[in-house]
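Working notes, structure below.
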Amino acid sequence: MLNQKVRQSNFELLRILALLGIIIMHVNGPFLGVGGGYRIFSVLENTLFNSGVSIFILISGYFGLRGNREKIIRFEVNLILYSLISFVIGVIATGSFSVLECVKSFMPVITQKHWFMTVYMLLLIFSPFTNIAIERLSKKEFQKLIIALFVVFSVLPTLLYYHPMGDRGKGLMNLFLIYLIGVYIRKYFDTKLNIGKLIVGGTLIYLITVLLNLLVSVVLSEGASTPFARDCSSLIIIQSVIIFLIFREINLSSKVINFISKQVFCITMIEGSIRMFISNRVFSVENVYNQNLPICVITIAAIVLLVGLIIGIFLDCILGKIKEVLIKALNTIAIYIVNKCSTYKYYIRKIIIYWLH
């Protein structure tokens, strides 16, 4: 999610497409219970686009997170500002003001207002220690770690349905696993791959997952049920890795793509409120129950992405300097606190020891 110093357009395009897919899933969410032929569309889109989160983290792992004080502060400032913007859009959309949601907007990480951002922040905070540990692991040890995490947090939940963390893969352990896979690809998987074979393999995995989800949907419900497309699903993780590898093999340079991708963070934060505004104030896709529904869902998702892009560019223009001032001020405060703690660390240590005993 954080900006890279050198933007590779192939990965930036992948981030944009992953975000669009996630928005399509969110727009289609209310229709997962619709049966008949529409169930097929729901299974198809959910199985494909639920790779989005894994793709984001694979990219982060591939380039590596290097968290420091300033990066963490910058990320937190952006989170709070975009959370507040999202809250304001939501108030306009619904016409109601929630004190609880307002408070969450000021503390988006600790309240898990956006679960993905909370987990990403944790990965960023602990990245210095994670990176040290990774560098000290041999290739074989690294492989064993990934396999152990994959079996416990992906293979077993895929086969047995239940997840040991109870979060269906929407939590720290699964994203940590995927982050490590991204790091491993960067360190040890630099062989040039055949795109054609990757596409065939990815398509095969996708079709198997679709068939399994359709089978479960037919047996269990009238609508779409996609247990094999959860974030923790081994099939989804493998599919995500293949998609990532396909885009890694593409050489692409585009200023337009790079410009658009700068707003992926902002759009991710506010797309839910934009969807709410469109549904409540402009057009409710829930009123469409016919063969045009898939087209409406995709169109609404594209509009949400476009509106989010425009808002993101506008916010950069008017909030850019404000953000930099806040970041600089908070960074100065953080340095002051750290220095004071260093000065009085003897007394702090004494107090901690006293309370522990």
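Our numbering is plain: 1 for the first residue shown, then up by one each step along the chain.
Every residue gets a Cβ built from N, Cα and C, even glycine.
Look at TrEMBL and you will find 10-307 tagged as domain 'Acyltransferase 3'. TrEMBL lists 12-35, 47-65, 77-100, 115-133, 145-163, 169-186, 198-216, 228-247, 259-278, 298-319 with the feature transmembrane segment.
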Go through the chain and flag residues at least 6 beyond the ends of the transmembrane segment (145-163) whose CB is under 8 A from any CB in it; none is fine as an answer.
137, 169, 173-174, 176-177, 180-181, 184, 227-228, 230, 232-235, 237
Pairs 6 or more apart in sequence, C-beta under 8 angstroms, 3 or more of them: is that satisfied by the transmembrane segment (12-35) and the transmembrane segment (169-186)?
no
Apart from its near flanks, which chain residues at least 6 from the ends of the transmembrane segment (115-133) lie with a Cβ under 8 angstroms of it?
1-2, 53, 56-57, 60, 64-68, 71-72, 75-76, 79, 108-109, 170-172, 175-176, 179, 268-269
Please work out whether the transmembrane segment (259-278) lies in contact with the transmembrane segment (47-65), by counting C-beta pairs under 8 angstroms that are 6 or more apart in sequence and asking whether there are at least 3.
no
Mean of the pLDDT scores, which run from 0 to 100, over the domain 'Acyltransferase 3' (10-307):
93
Near the transmembrane segment (228-247) in space but 6 or more residues beyond its ends, with Cβ under 8 Å, are 10-11, 13-14, 43, 46-47, 50-51, 53-55, 58-59, 62, 150, 153-155, 157-158, 163, 168-170, 174, 177-178, 181-182, 185, 193, 195, 198-199, 201-202, 205-206, 208-209, 212-213, 216
Test of understanding: applying the rule of at least three C-beta pairs under 8 Å (pairs 6 or more apart in sequence), is the transmembrane segment (169-186) touching the transmembrane segment (298-319)?
no
Any residues 6+ beyond the ends of the transmembrane segment (198-216) with a Cβ under 8 Å from its own?
39-40, 43-44, 46-48, 224-229, 233, 235-236, 238-239, 242-243, 245-246, 249
